[in-house]
Ligand SMILES: Nc1ncnc2c1ncn2[C@@H]1O[C@H](COP(=O)(O)OP(=O)(O)OP(=O)(O)O)[C@@H](O)[C@H]1O
Ligand SMILES: [Mg+2]
């Protein structure tokens, strides 16, 4: 099919956008209405009309989306397009700086500083400035510097108003800039800022690109920040033609500086803007679409759009009330397996969640069922840096001579043992043929390090020895809880500003939850053999090492996709689960503290719902152990904002109903598959007395139940041995 035929297959509004005469356009439309498709078609159409690919630049949100966009454009056109620029704001800015390094004031071999390198540099500067890092956490400084750059501000532009905090931050920012300049290093935010300054200050270069790029096309325009917007304006100049494509209802990066107002400003800042609205949705069933429309109607600050579809009504949205997070995960994985049997492919399925830490329980359920999965745009739980740090401390507790773990955390959180000292320790270990831990001891005894480092190493060793004593009689989950607090890891991340720090703290707390099942008395896996073989800590560490291994589905293997709601933007899947749709988790409790936080959460929910093409499941857990503590959450208000008639509650077994329900609707019921017991049922055990069944695990001879006994606490019991009596 050639380009003209392709364009003819679009609807009228889409065709109008694709074939629009030269000018500035805002394509404002809801999810799944073909905005990205319009953009792709517009590029191919421009080329088919004789425009040179050299004159076209298309910007999108992630590298992956950019690669996909180029592939789709070239597929439409039928061959590769030389000279066409497609990328993210960052990659395009980078390209400009590489081409004009001299004019941008950079060395020709300038390096990109990733976020970890940036943090390391900031730490060094804070130290030089003798800033106490408990008062001035380097991560907070990093957040500050990047935030200023995103607003286009250099240190000299920042008003300090005599405020000590700002003054100090600006002082670090200045030094940091000097260090980057000296070392020829450019961080991510700097790419945008510097490319902006290059175009702003170097008239010949600006005019060259303004002449070259007569067509600028931007996808996901609602999530551009101040500097990206400014950059776009400069590049467009007086004559450039911009087509900005976006959806105000999907603006979900306000917390990272994105400006939804850019949509409104576009009209004022660019000449003769014509707004084109696309209203037909091609992605979802009418039920899913109605749910999304009704939900987003609860937001006040909207530009207002309607979406309709010719598609089928489809099935109602399924709502599942999990008894707890394990039950929720099990339910999800059971459904996935059913679909796979029906012939769906694994890559048709996405599981979306609000917060990173939620992935752990889902990952475990998938691993147990041997369903390959990938975490899109993120890392598996046990691969995350903060988790690896905590595990390194735990490994050291277990085995001091574990050099890799020691190196990992000897200076995390920062305690004044710099790279030079670590090198001295390595040398000493090599000379003496001992472990790093032994080398630490020697170095302290023989004062082989500078006095400050010596003191710090001695403190570090003291910390581990003390932890060992303190933890001797703790249950595994208490031990982990104690270790992440006493080592300062929790505080270290808590001081980081923004979602990232918050996510790390949540992950660490989730690690505590993860260890509970390894405590003998709570463990469904527990048996005597295991107890004789190894401590729960050792068993857990092995488990973590295996899980962090090569379990992630290989790149080309079909796999179920797990991702946060944020990274699901722009994507679509036939089958979608949204898990953890609970008050406090989604909307996230942190969001309720800021004025428009709730509306941004609702937009995120809208993004989630509109990812689904055929089937959508909303799941929540009546009780959830997340980040180490157990909470009883009400179902999210977002569920209540979807019309009742669009939702069907899943009842796995309606015979027995649960006594406790936090549900909006009548509680869904579920019984234990073997033995005829129900969750929530009271039972009698010969030794432990009366209790309530909380959970179950496995089937047949493997079936175990967790019972909360009135006097003996919570225990996991093998059902076939326990001889429970129903009460
Ligand atoms: N005219 C059309 N005919 C058939 N299918 C279409 C048409 N327009 C779009 N689609 C399909 O609808 C789906 C959604 O399109 P697209 O991803 O471009 O929407 P979008 O508006 O960019 O969504 P989002 O807001 O989620 O980014 C895609 O599968 C696309 O191929
Ligand atoms: Mg899109």
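Here the Cβ of each residue, glycine as well, is placed from N, Cα and C on the backbone.
Just so it is clear, the model here is predicted, and its values are computed rather than measured.
Copied over from TrEMBL:
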BINDING   29, 30, 31, 32, 33, 34, 35, 36  ATP binding site
DOMAIN    8-285  domain 'UvrD-like helicase ATP-binding'
DOMAIN    286-570  domain 'UvrD-like helicase C-terminal'
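Around the Cβ of residue 36 (ATP binding site), the same chain contributes 69, 219, 245, 570, each under 8 angstroms and 6 or more positions distant in sequence. Mapped onto three states, the DSSP output places residue 33 (ATP binding site) in coil.
When pLDDT is averaged over the domain 'UvrD-like helicase C-terminal' (286-570), the result is 85.
Around the Cβ of residue 29 (ATP binding site), the number of neighbouring Cβ atoms within 10 Å comes to 27. Summarising the environment of residue 35 (ATP binding site), the number of other Cβ atoms within 10 Å of its Cβ, over all protein chains shown, is 24. Less than 8 angstroms from the CB of residue 31 (ATP binding site) sit 247, 249, 250, 281, 283, 292, 307, 606, 607, 610, each of them six or more residues away in the same chain. The 6 Å Cβ screen around ligand 2 retains 36 from the binding-site residues 31, 34, 36, ordered by sequence position. Excluding 29, 30, 31, 32, 33, 34, 35, 36 themselves, the residues of that chain whose CB lies within 8 A of the CB mean position for the ATP site are, in sequence, 247, 278, 281, 283. Neighbour list (residue 34 (ATP binding site), Cβ cut-off 8 Å, at least 6 residues apart, same chain): 10, 11, 14, 278, 280, 282.
Of all the Cβ atoms in the protein chains shown, 25 others lie within 10 Å of the Cβ of residue 30 (ATP binding site).
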